[in-house]
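Per TrEMBL, these features apply:
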| type | residues | note |
| --- | --- | --- |
| BINDING | GLN281, GLU331, ASN381 | S-adenosyl-L-methionine binding site |
| DOMAIN | 303-366 | domain 'Methyltransferase' |
| ACT_SITE | CYS409 | active site, nucleophile |
Amino acid sequence: MGGWVSENGQFEIPSCCAQTVHSTVIPWVFTAWCRAHTRAGLPMKKLTGMLCHRNEFSSSSGHCLALSRLANAVTPLWRLPYQEQLGFGFPPLLFLLIQGFAFPSFLPQPIINGYRNKSTFSVNRGPDGNPKTVGAVEMNIVCVKANHVENIPSKHKQVAQCYEEFICQSPLDPCILFHEGGHWRELVVRTSRCGHTMAIITFHPQQLGQEELAAQKALLKEFFTRGPGAVCALTSLYFQESTMTRCSHEQSPYQLLYGAPHISEELLGLRFHISPDAFFQVNTAGAELLYQAVGELCQAAGDTVLLDICCGTGTIGLSLAHRVSKVIGVEVVEKAIEDAEWNAAFNGISNCEFHSGKAEAVLPQLLASWEDARPLVAVVNPSRAGLHYRVVRAIRNCSAIRRLLYISCKPEGEAMRNFLELCCPPDPRKKLAGEPFAPVMAIPFDMFPHTVHCELVLLFTR
């Protein structure tokens, strides 16, 4: 990797990557990237299609073919040696972005298989016609067990198999389409390196009364604590009644049927509580390398204030708290903020404060009255939807922020709009009055081995 990881396993940035790019490059770089985006998807799809249709399982049965197609769809690079995967794991369009500034090679991951600490399983009709198959939906047609998916750990597959066994015994139907009725829906499994396993089962109540719901919850608890599902050794079992495709704890509370309300994880010498719907990087070992890199790129001194936007359970801010004078975290998920506050207290960290609410509501108010003379560094780690334009505007218009780290799991998606707004000339129509940022460095992390996705850390300065 040419000096990215030192002999003691710590992340170090090579001096050769300390160069910056002049702001005049920005319009060309981002315009070229945008124009290429509409065309770059086809070569990547064609490439993954070529990989997916080679060397199918030897069995000609429809079931084995479905298993193979699922593995190819979810982890299209799984047949390639890992070093070869690193050559495919990033959309070609992104290389247009980095022609003008430092862009090191991929940082490989220490764990290649079974690295996911969170998996979601659907309930739908399988290749054999079983409407209570628990797995992943392949090509929006059939639900296939995830036994051959390399990035899902065996513990997750075990819980999914037991859940399927339970609902197959249940007289209640699965809920495949809401308007057709049924009850049993998806399963989420979260695990940690501390040996904890959380299962979250979503259930459509339809017209069931409270007594009938209580009976189903009791049967579920019995199955996973004293019945065949006890082999999973769950430390937390949650049940959520939901009439929507996705809903938060605030919309429909997670009901703890058994065990502890959280799972715990250890990261960079700290211990973290994780609630059912709290964000936590899906690859724990990879997250450690990612956060070490963020720490180096921040160049935070003892008087720095770190602004951690979309902070989740506080992992980034808390891991860097010892380097800065203060950490301010903002997160929309209320339970995640509760986790962050617990994590700070448990780890003896007192220089952090966390704000619960939408970043577009909290951040503008926070920065509008900013008068602190200490250096301010911002780290943003949004979902695939990117940052709300009010967040970008607040960052752009706050002159105290001279250094910004943007962590993106889909840089070719909505995040592109954020990059453009951060780096474009002042635009009164969009109320972007502050000095534009310029990209300095982009570091790709292969957080998702066997797939064509990555996590990209972009450093912007002004």
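Glycine is treated like the rest: Cβ placed from N, Cα and C.
Values in this document were obtained by computation on a predicted structure and should not be read as measured data.
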Quick note, ASN381 (S-adenosyl-L-methionine binding site) and the residue listed as 'active site, nucleophile': C-alpha atoms separated, nearest Å, by 9
Under a criterion of Cβ-Cβ distance under 8 Å and sequence separation of at least 6, what residues of the same chain contact GLU331 (S-adenosyl-L-methionine binding site)? PHE279, CYS310, CYS311, GLY312, ILE337, ALA340, PHE354, HIS355, SER356
All-chain count of other Cβ atoms within 10 Å of GLN281 (S-adenosyl-L-methionine binding site): 24
Please list the DSSP helix, strand and coil residue counts for the domain 'Methyltransferase' (303-366). 30 helix, 16 strand, 18 coil
Largest CA-to-CA spread of S-adenosyl-L-methionine binders GLN281, GLU331, ASN381, angstrom: 15
Cα distance (Å, whole number) from CYS409 (active site, nucleophile) to GLN281 (S-adenosyl-L-methionine binding site): 10
Around the Cβ of CYS409 (active site, nucleophile), how many other Cβ atoms lie within 10 Å? Please give the count over every shown protein chain. 19
Determine which residues of the same chain, besides GLN281, GLU331, ASN381, have their CB within 8 A of the center of the CB atoms at the recorded S-adenosyl-L-methionine site, and list them by sequence. PHE279, PHE280, CYS310, CYS311, GLY312, THR313, THR315, ILE316, ILE407
